[in-house]
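Worksheet for the structure shown next.
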Amino acid sequence: MSYNYFGKKILILGMGLTGISCINFFLKKGIKPKIIDESKHPSNFIKIPQNIEYSLGSLDHQWILESDLIVISPGISSFKPILIKARLLGIEIISDIELFSREVTCPIISITGTNGKSTVATMIEKIAKKSGYKAFLGGNIGVPVLEILDKEADLYIIELSSFQLENTFNLKSKIAVILNISEDHINRYPNGFQQYKNTKLSVYNQAEICIINSNDKIEKSLIHSKNKKWISFGTNRSDYRICSKSNDPILFFKNKKILNTSEILLYGYHNYNNILVSLAISDAMQFPRNDAINVLKSFSNLPHRFQIIKNEKGVRWINDSKSTNVNSTQVALNSIKTTGTIRLLLGGDSKSANFNILKNIFRTLKIKIYCFGRDGIKLSKICEKKSIYVENLKKAVILISKQVKSGDTVLLSPGCSSLDQFSNFEERGNLFIKLIKEIT
C-alpha cells in the first residue's frame, strides 16, 4: 500500500533521536512537518533544521488538534488528555515504526520483551551478516528505524519497546518474538499490567512466524492468529528447550542436542534463553546452523548487561545497570553463584512496580542490599534486616568498598529506571565502572 503525505498537516511530538529522524524522513519527501517538545530546553534542539516550525515547553498546543497526522515519539505517553481528544476527533496518531513499516519491502524480524531485547537483536544481526545478509539493526536499541532505511537492505532486525508498539498498526514481520513479559512501566498504563501485556502481544498480529516463550502462557485468543506458524521455547515441552540435568545445561531442538552451554562465553539461565531464542529465529530464517552456533559461542555480554567489570582479590564487581525492572534483578540474582555475600545495589525510580516478589529471594540469600535513589527508602523496607538506605550510587560504592570481603559479589542491578538521578542507564553504569576504578 502506498501512502501519500502531501497536503497533510503533519506534526511530530518529541525532539529526541526519534523526532529528529522523523523530520529528516519527511524532508526527504519534500514535506515540512512541525514539531513540539515538552521540554523548554531539549538537548537535540540544535539539530532542528532552521525552516522547521517548532514549539517548546508543553504539548497543550493548538497544532495537535489542527493536525492530519501526528507522529509520536516513544517517550511521550499516548494517554495524555490532549492526545485522547485528538483521537476522538479522528486525527491519526502513529509511531516512527509505523512510518517505517509503510516503506519496507524486505523481511523484518521484530523482537520485543521486558528483558533481553538488545542482546537477542544483536545476536541475530551478527548471525544474519555472517550468513551473507545485508542486515540492518535499529529501533529501541538506540538507532531510530527511519535512519536505517536502505533500498539495498535484504533484512531488518528491529528491537521494539511497548511504547513503540502503542501506535504501530501495520507492522508485517516475517518473524515476531516476545522474549518474556513481566511487570514493567506500570506507571505508563492506566489499566495496569494487562494493558502493557496486550501492547506487547500486538507485535504478533500481522506476523508470519510467531516465536513465543512457553513460560509466559500467552493467550493466543488475544492475537489475530490466522495463517500463523507458532514456534515455542522455554519449557520441557517447547520446540526449543534447555535440559538442566548436568552442571552444564544443554540446548535442544525437539529431541536433538544443539549446543552445550559449556562451549559458550555467556552464563546464567537468562543468557541461555537468549541463545535458545536466537537459534529459533535463525532456524526459522534458514540461516546456516553452523554460522549461528559459531556466532553464539563467541558472543559476550553487551555493556551494562551483567557485565563483569573487575574480579580481583576474590571479589567480583558486576555492572547490570540495564536492569530497569524487578524481573531483571531477580534473574541477575539467580545467576550468581558465590560462597560469600551478594552486595546488591538496588534503586532509582521504581515506576510503581511491585518489588515484594524479591522478599523470598532476599530471605534465602546471603545478601546485603544497598538501596539508593528516589525510591531507595521504600525499597529498603522490603527486607529491612538486610537493607540499608544510601543517598546515591557513589556513597553506596564507597560504603561497600569498606565492607566487602574476599568471596563477595558486588552487583549493580537496580531494578529501577535511572532517570531520577541519571540521563539513562548507560550513564549510571559508566559511573559505577568509574567508581570501581577509583575507589577499589
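Backbone N, Cα and C define each Cβ position, glycine as well.
As recorded in Swiss-Prot:
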type	residues	note
BINDING	Gly113, Thr114, Asn115, Gly116, Lys117, Ser118, Thr119	ATP binding site
Chain-mates of Gly113, Thr114, Asn115, Gly116, Lys117, Ser118, Thr119 with C-beta within 8 Å of site centroid, ATP: Ile111, Val120, Leu179, Asn180, Asn274
Neighbourhood of Thr119 (ATP binding site) by C-beta distance under 8 A, where only residues 6 or more apart in the same chain count: Asn271, Asn274, Asn301, Leu302, Arg305
DSSP-derived structure type at Thr119 (ATP binding site), helix or strand or else coil: helix
Set of same-chain residues at least 6 away whose C-beta sits under 8 angstroms from Lys117 (ATP binding site): Ile111, Asn140, Ile141, Glu159, Leu160, Ser161, Leu179
Site of maximum Cβ density within 10 Å, from binding-site residues Thr114, Ser118: Thr114
Surrounding CB atoms that lie within 10 Å of the CB of Gly116 (ATP binding site), all protein chains: 22
